[in-house]
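The transmembrane segment feature in TrEMBL is assigned to 6-25, 46-75, 81-101, 108-126, 132-150, 171-189, 195-217, 246-269, 281-302.
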Amino acid sequence: MGVLQALGGLGVFILGMVIMVDGLHSGAGDGQQRLLARFTRSPLTGALTGAASTAVLQSSSATTIAAVGFVSAGLLSFPQALGIIYGANLGTTVTGWLVVFLGFKLKLGVLLLPLIFLGTILRVFANGRTADLGYALAGFGLIFLGISLMQQGLQGFDDLITPQTFPDDTLIGRLQLVLLGILITLITQSSSAGVAAMLTLLFAGSINFAQAAAVVIGMDLGTSVKALIATLGGHVEARRTGVSHLVFNAVTVLIALMMLDPFIYFWQLLSAADVEDTAEFALVAFHSSFNLAAVILLLPLANQFARLIEHLIPEGKDKLSLSLDPFLLNEPSIALRAVLPQLKRLRDQISCQLGLLVKGIPADRELLSRLQHLLDQVHNFLNALKVKPDKTQHWDALTAMMHCMDHLQRLHERCDEEPQRGMAVSKMRMLHTQLHALRHYLQNEGMDSEVLTSLHERLSRQRTRIRQEIIAQMVSGKLDVEEGTEQLEALRWLVRVVKHLARIDGYLAIASLNEKRLPATPLASD
């Protein structure tokens, strides 16, 4: 029965962590991510913001996903993102301190039961961030209820689970315990749960300090193995992140193993007591110490380390490949930020082909085919991206991106399916002024989109007059019917192309998450 209670307590702890992280994450909104991007200016500031973000949200995964997304969106360099990943490792150690102080020192497990009730009431009856706060409070209470249940479950196993149950405190034994820590993390999907379990075993006297420390060292490496598996099928930024996380934590393991005996010596020297007498505090202090030591030692080498990882995992030869990893879908705001530069790249690539057509040069059919494949990829990614209607900013941005994709697709079709129209437009002298403005826009990507909108409006007004001139030339015999019909079709093609370009620029402006935006309602005449 005690085993079942201990396992149930571990399950309640993990459930509490999931609920608390979800509540904190939802309550923080995009503010945490904006601060992360804003204050990360170097690997050092990245480490500070990564540690703070992870400590507040209690989720290194959310921090790591944000870092990858910012690199994909071009908001951060890879070395800056490395700093965030280093800091996230340090931030995860805060959980252990909370468990020791509130769960073991103050024994608040049962006393926090009313907190679960209060959090549940807020979650059910409140709205917005108050409901998110309630969710986090309920999770916080469940964490310590789980610890209390684990302690109670282990009380009857004093003679069954002892330090002799685990490998001896030798180098081989410690390596075996490191592997055990990796395995526990892969099974529970939470290093925090593993640390809590080790603290509970320490408190019950079922494991000694050195053994628990070796298991915790393995848990740190286990989190990076889990992250590496998640990023294996991803794009280059994700794979670089996964590999760098694994390499960093592997070095951290070596540092921790070398620090273990000196740490025990100095702890006993400074505390004037055996390390086993304060084993719970010693374990969380050791956990924080070796992670801090790894950050201090490796942070100055972040740029060199980044170059090594970039050499090991180089950019693909295909410059048109997209940086949209499926795991970014877990963070809608990060996913939206990652999509935005991809939409701009697609606009620029299609516009380049359009520029060839209006100069009378055939478009690259093979490139257009590849661009269609990329359009399909972005479309599938946006279809898989789920945002809540109450998240107005996300909803508006996704709506604008869907509109933008529609116009990109139609612009691509104008280039791919009707290239002869563009070739015909290039020969129409009566459209000289309009073509000059369009070519100027296509050659200067930074041109004010309002100028393009003005060109569309002017062309729409002049279309009737130009159409009448073409028909008059057909009637007078200056143009034969076939040539005149071709020019009429070319005129319609040009009006549509300019309209699509104007709409694309307009929706890209709306989709930007960094600017004050208009409501994402369809633009006129869509």
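Cβ coordinates are placed from backbone N, Cα and C, and glycine is handled just like the others.
Those TrEMBL annotations? Automatic predictions, nothing curated.
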Is it the case that the transmembrane segment (246-269) and the transmembrane segment (81-101) touch, counting contact as three or more CB pairs under 8 Å in which the residues of each pair are 6 or more positions apart?
yes
Do we see three or more Cβ pairs under 8 Å linking the transmembrane segment (46-75) and the transmembrane segment (132-150), pairs being at least 6 apart in sequence?
no
Count the CB pairs under 8 A between the transmembrane segment (132-150) and each of 6-25, 171-189, 195-217, 281-302, then give me the winner.
6-25
If we skip the immediate neighbours and take only residues 6+ beyond the ends of the transmembrane segment (281-302), which ones have a Cβ under 8 Å from one of its Cβ atoms?
43-44, 47, 79, 82-83, 86-87, 89-90, 92-93, 96-97, 99-100, 195, 198-199, 202, 209, 212-213, 216-217, 220, 248, 251-252, 255-256, 259-260, 263-264, 267, 275
